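Colleague: Would you mind keeping the following structure in view while I ask a few things?
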Amino acid sequence: MLDIKYLRKNVAEATRRLQDRGIESEKLTTLLSLDKARREAIQQVESLKAQRNEVSDKIAYAKRNKTDASEAILAMQEVGSKIKALDARQASLDMEVKNLAAHLPNLAASDVPVGPDEAANVEQRVWEPKTYGQRLKAHQEAPEWLKAHYEVGETLGILDFERGAKVSGARFLYYVGDGARLERAVYNFMLDEHRQEGYTEMITPIVVNDAAMFGTGQYPKFQDDAYRVEGLEQTYIPTAEVPLTNYYSGETLPAEDLPIKFTALSPSFRKEAGAAGKDTRGLIRLHQFNKVEMVKFTKPEQSYEELESMTANAENILQKLGLPYHVIMLSTGDMGFSAAKTYDVEVWMPQQQVYREISSVSNTEDFQARRMHITYRNEAGQLALVHTLNGSGLAVGRTVAAILENYQNPDGSVTVPEVLRPYLGGQDKLMATPHH
């Protein structure tokens, strides 16, 4: 949620910054005029309440002196009905203001590239492992034997999309045998790395209430993409960001504890409503997938430094796995609803000859904290909103996909990245294994 006081005081600047985020100026004009009417209604109610108190005193005086109070009583009733009508108007305006404000995205940080879509994103850096060239150089033409990750998985008998579709529908799968073990190895490795970086590991609920979805900014705008629990105001989480960030909703955090860092593995559920026809095969776009999430609560002056270190935490996983990637800064038109600044980390998929998003790391500044009422006491002793950050560390299925493509061999086997071997009992290769 944006700061309404900032919007009132900086109309021209706020209009321009919202336009950078694809919001027409009329929306802000409407919001501010409703906000003005709401504040006027509040003032009128206060003035009428003062009037009512005066009349009440007159009635009491008249009763004490046994004089006629009928005029005063009539005036009191009139004032009372005016207050009632204004209270109803104020409540209605409150709802309208809140609803309009709830649909406005966060404002972008000053260094975010301005543009309507991903074409305006700016590459920050590219990373390739030194040993990578011995396997398969990124950006060179893919050799004929190179298969897509889903073909590798199906040939090895470790990914079963057919039975996933039979049991659950499109965009679901079974991990089988070494596939299940590889997925488990990947997320355990990720959690261990983040724990060493000072993140507290959590296991969260995977069903949350509507207030939690509102708090992180998924609701009301993205309700159509959520898996709802029928008959209840609850949702299966689209990311562990929701339960992790809402952990402190409505609380005041001790300043000396900041920054606070959480990490969690969770299944994530997404309808992918706008993705018809995109990535219909494989692990890239599923309705249910595992993801390791990172969340931070920081003081405002620390948050951009913490954004850089959180991005480095995501990159660390890919570097240790030996997977080539690049980092891009998202433009104002490509950023998520709650973000003030976002880096996407994209892993190289050699068969497709394309980078695919594997992590998105965002600073939401105080946008989520305002919705969730998460505060701390600043140095002046005043209550202030914390800044919240979130990032994937990483999407587990997409990491498995990148390993299968980047580490496959001409004979169809897949070399296990060195850092994962201890998690697989020392196994260094995935080979085709028969299963029923």
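Glycine is no exception: its Cβ is also placed from the backbone N, Cα and C atoms.
As listed in Swiss-Prot for this protein:
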- THR239, ALA240, GLU241, GLU293, SER392: L-serine binding site (BINDING)
- ARG270, LYS271, GLU272, GLU357, ILE358, SER359, SER360: ATP binding site (BINDING)
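For the listed features, I'd like the structural context: burial, neighbours, distances.
Modeller: Under the three-state DSSP scheme, SER392 (L-serine binding site) falls in the strand class.
With a cut-off of 8 Å between CB atoms and residues at least 6 apart in sequence, the same chain places ARG171, ASP225, ARG285, HIS287 near GLU272 (ATP binding site), listed in sequence order.
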Colleague: For the recorded L-serine site, enumerate neighbouring residues of the same chain (Cβ within 8 Å of the Cβ centroid of THR239, ALA240, GLU241, GLU293, SER392, site residues themselves excluded), in sequence order.
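Modeller: Those within range, site residues removed, are VAL242, LEU244, ALA264, SER266, SER268, LYS291, VAL292, MET294, VAL295, ASN390, GLY391.
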Colleague: According to DSSP, does GLU241 (L-serine binding site) sit in a helix, a strand, or coil?
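Modeller: In three-state terms, GLU241 (L-serine binding site) counts as helix.
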Colleague: Within 10 Å of THR239 (L-serine binding site) (Cα to Cα), which of the binding-site residues ARG270, GLU357, ILE358, SER359 do you find?
Modeller: ARG270
Colleague: Nearest of the binding-site residues to SER359 (ATP binding site) by CA-CA distance, picking from ALA240, GLU241, SER392?
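Modeller: Going through ALA240, GLU241, SER392 one by one, the Cα closest to that of SER359 (ATP binding site) is SER392.
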Colleague: From the binding-site residues ALA240, GLU241, GLU293, SER392, pick the residue whose C-alpha lies nearest to the C-alpha of GLU357 (ATP binding site).
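Modeller: Given the candidates ALA240, GLU241, GLU293, SER392, the nearest one is SER392.
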Colleague: For SER392 (L-serine binding site), which residues of its chain lie six or more apart in sequence with Cβ-Cβ distance below 8 Å?
Modeller: THR239, LYS291, VAL292, GLU293, MET294, ALA314, ILE358, SER359, SER360, VAL361
Colleague: In angstrom units, rounded to an integer, how far apart are the Cα atoms of GLU241 (L-serine binding site) and ARG270 (ATP binding site)?
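Modeller: Their Cα atoms are separated by 14 Å.
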